[in-house]
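Working notes for the structure below.
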Amino acid sequence: MSPPRYYTVTWDQLHRDAKALAWRLHGKGPEGGAFKGIVAITRGGLIPAAIVARELDCRLIESVSVITYGKDGEEQNRGEPTVAKPPVAAGDGTGWLVLDDLVDTGTTARVVRAMLPGAHFATIYAKPAGRPLVDSFITEVSQDTWILFPWDTEPQFVAPIARSAAAGG
Ligand SMILES: O=P(O)(O)OC[C@H]1O[C@H](OP(=O)(O)OP(=O)(O)O)[C@H](O)[C@@H]1O
Ligand SMILES: O=c1[nH]c(=O)c2nc[nH]c2[nH]1
Ligand SMILES: [Mg+2]
């Protein structure tokens, strides 16, 4: 079943929200300083990680790949989480920042936290079920909202109101 609500995020808004997250994370590394490096959770965490890394002047980027969604070709159907690539450079995560675009059910966050218990875990967006698993985030949306990211969408023509109303739309 598809969630009834959508929250559309443009490139501009994503950039603004990622910068807001960088402000929140500044000075949250070990002993109030910089993080040793950033672990991006692919794929959604890659662009937020690039923006935050630029703002925090962090040049060491590791990645972790957890595959959960997209079973049966359906974007919103989930399967068992599989770690396709572990974040080997980050050890147990101590002093590292882990970044993802969002936390939803918390399945992905739970798997990554188990691998990197010492890390600071941050997302730009959070839904209530996953929120307890993140240390920092910017915007909360309701659990039944599906966030539409700019890399998953494109602008398209929409009929004028008068025309769609005449067609009964
Ligand atoms: O809290 P959860 O219920 O685990 O959902 C959150 C995860 O789902 C999305 O990734 P997805 O698995 O769709 O893969 P992608 O980042 O490669 O698009 C999103 O980027 C988070 O990583
Ligand atoms: O694009 C997405 N939007 C979401 O709300 C979401 N939740 C899990 N995975 C997601 N991917
Ligand atoms: Mg993801």
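Backbone N, Cα and C atoms are what each Cβ position is placed from, and that goes for glycine too.
Going by TrEMBL, these are the annotated features:
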type: BINDING; residues: R43, G44, D100, D101, L102, V103, D104, T105, G106, T107, T108; note: 5-phospho-alpha-D-ribose 1-diphosphate binding site
type: BINDING; residues: D101; note: Mg(2+) binding site
type: BINDING; residues: D104, I147; note: guanine binding site
type: BINDING; residues: D104, T105, G106, T107, T108, W146, I147; note: GMP binding site
type: BINDING; residues: D104, I147; note: xanthine binding site
type: DOMAIN; residues: 11-156; note: domain 'Phosphoribosyltransferase'
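Counting other Cβ atoms within 10 Å of each Cβ, the binding-site residues T105, T107, T108 show the lowest value at T105. Here the domain 'Phosphoribosyltransferase' (11-156) has a mean pLDDT of 95 out of 100. Rounded to the nearest whole angstrom, the C-alpha distance between D104 (5-phospho-alpha-D-ribose 1-diphosphate binding site) and I147 (guanine binding site) is 10.
Long-range Cβ proximity for L102 (5-phospho-alpha-D-ribose 1-diphosphate binding site), meaning a same-chain Cβ under 8 A and a gap of 6 or more residues, is found for G44, T123, I124, Y125, A126, K127, G130, I147. When Cβ atoms from all protein chains are considered, those within 10 Å of the residue listed as 'Mg(2+) binding site' total 23, not counting its own. The DSSP breakdown of the domain 'Phosphoribosyltransferase' (11-156) into helical (H, G, I), extended (E, B) and coil residues amounts to 50 helix, 45 strand, 51 coil. Within 10 Å of the Cβ of R43 (5-phospho-alpha-D-ribose 1-diphosphate binding site) there are 13 other Cβ atoms, across all protein chains.
Between the alpha carbons (Cα) of D100 (5-phospho-alpha-D-ribose 1-diphosphate binding site) and W146 (GMP binding site) lies a span of roughly 16 Å. Among the binding-site residues listed (D101, D104, T107, W146, I147), D104, W146, I147 have a CB atom closer than 6 Å to some atom of ligand 2, in sequence order. Largest CA to CA distance in the GMP binding set (D104, T105, G106, T107, T108, W146, I147): 17 Å, whole number. In sequence order, A129, G130, P132, L133 make up the list of same-chain residues 6 or more apart from G106 (5-phospho-alpha-D-ribose 1-diphosphate binding site) whose Cβ falls under 8 Å from its Cβ.
The residue listed as 'Mg(2+) binding site' sits 11 Å from T108 (5-phospho-alpha-D-ribose 1-diphosphate binding site), taking the CA atoms of both as reference points.
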